[in-house]
């Protein structure tokens with residue numbers, strides 16, 4: 001059967017196990033390589049595609065229709081985006097079952113137009129369920145996405161593995177960025193690719209936020225006299241970030257409150273003597289349950305991580321379990337028993353996702369206020 005492609009060109013996805021999937025191209029024509037991962041989120045593709053944690057990855061969205069509500073115009077509060085997670089699309093490529101035209105009053109462009117304008121290839125009209133089943137059974141693998149081109153020698157694009165690249169070099173700012181607050185309390189965000197949703201939640205609590213590069217010197221961080229420090233999310237293998245890990249250790253000597261989120265949770269774990277390992281296919285969804293051990297309450301949370309603390313034995317010394325995932329037992333947060341450090345593997349800010357656990361930021365604010 002002849003494949004009809006509404007954008008006029010075909011596309012392909014090559015997986016490192018030799019699987020070749022043919023579909024229709026959309027967005028920009030081009031060839032890109034990346035780690036193939038999937039999200040089960042049913043909405044929030046503008047936020048997902050701009051999440052720096054997806055840098056270096058080809059994202060497969062399991063929901064069958066993607067693009068229905070288009071792409072909105074960027075909106076900001078004190079320089080912080082309120083409807084995107086960064087200034088640009090971060091994924092290497094996008095794979096969907098069906099790319100649809102938008103029908104919503106505030107759409108400024110279609111998904112196709114957005115990817116086209118930012119040079120990102122897309123692939124549609126493929127069986128995303130079969131891709132997800134393969135990734136779920138075999139584990140994440142490298143792949144090559146081609147839109148408007150055939151992949152003649154895919155292996156040449158796969159010479160370097162995702163786990164071997166420090167992607168924070170592409171997602172961390174080159175110089176400090178300040179977002180003014182109204183409480184007089186200044187916090188520093190160590191920005192390895194932080195989501196604007198995290199910045200927004202911090203700004204809503206009145207903080208003046210100083211975003212510093214991922215590998216910013218600790219003495220320069222302390223020049224801002226921060227009342228607290230946040231290590232936010234970001235892409236890639238945390239075990240490669242030895243400079244960031246050492247900076248975290250050095251910061252603990254000042255005994256100021258620290259909040260680690262996602263990659264920040266992993267950096268904190270490694271810095272304090274715990275272990276972080278690669279997961280088979282990770283958690284990428286907006287409906288993952290976590291249990292708060294202190295209250296025995298279950299919350300529905302947003303996740304985007306391919307590494308984690310896989311068991312209680314991997315927790316750092318002098319830490320106590322805070323959150324655990326009831327599905328697979330992975331550690332979703334811990335609290336240090338001697339230092340003012342709290343961490344979550346999940347995203348308390350959501351974006352996209354439920355706001356069940358935004359109170360984590362309130363807990364951090366109380367820690368900062370006590371320190372002030």
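From the backbone N, Cα and C atoms, a Cβ is placed for every residue, glycine too.
Swiss-Prot annotations:
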REGION    1-182  region 'CPSase'
BINDING   53, 234, 236, 263, 266, 304, 306, 307  L-glutamine binding site
DOMAIN    186-372  domain 'Glutamine amidotransferase type-1'
ACT_SITE  262  active site, nucleophile
ACT_SITE  347  active site
ACT_SITE  349  active site
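Shown here: features listed in Swiss-Prot, placed on the structure.
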residue	record	DSSP (3 states)
234	L-glutamine binding site	coil
262	active site, nucleophile	coil
304	L-glutamine binding site	strand
347	active site	strand
**Study point:** Rounded Cα separation (Å) that holds between residue 304 (L-glutamine binding site) and residue 262 (active site, nucleophile)
**Key:** 8
Study note, to complete from the structure: CA pair the residue listed as 'active site, nucleophile' / residue 347 (active site), Å rounded to integer, equals 7
Study note, to complete from the structure: Taking the centre of the Cβ atoms of 53, 234, 236, 263, 266, 304, 306, 307 as the L-glutamine site, the remaining residues of that chain with Cβ inside 8 Å are 233, 235, 237, 238, 262, 305
Practice item. Pop the Cα-Cα gap between residue 347 (active site) and residue 234 (L-glutamine binding site) into the table, whole Å please. Key: 12
Point to revise | Local confidence of the prediction over the domain 'Glutamine amidotransferase type-1' (186-372), expressed as mean pLDDT | key: 98
Point to revise | Among 234, 236, 306, the one of these binding-site residues whose Cβ has the fewest neighbouring Cβ atoms within 10 Å | key: 306
**Study point:** Among 347, 349, which are active-site residues, the residue with the most C-beta atoms within 10 angstroms of its C-beta
**Key:** 347
Study note, to complete from the structure: Here the Cα-Cα span from residue 236 (L-glutamine binding site) to residue 349 (active site), rounded to a whole number of angstrom, reaches 20
Revision key, fill the gap. Across every protein chain in view, the count of C-beta atoms other than its own within 10 A of the C-beta of residue 307 (L-glutamine binding site) is 21
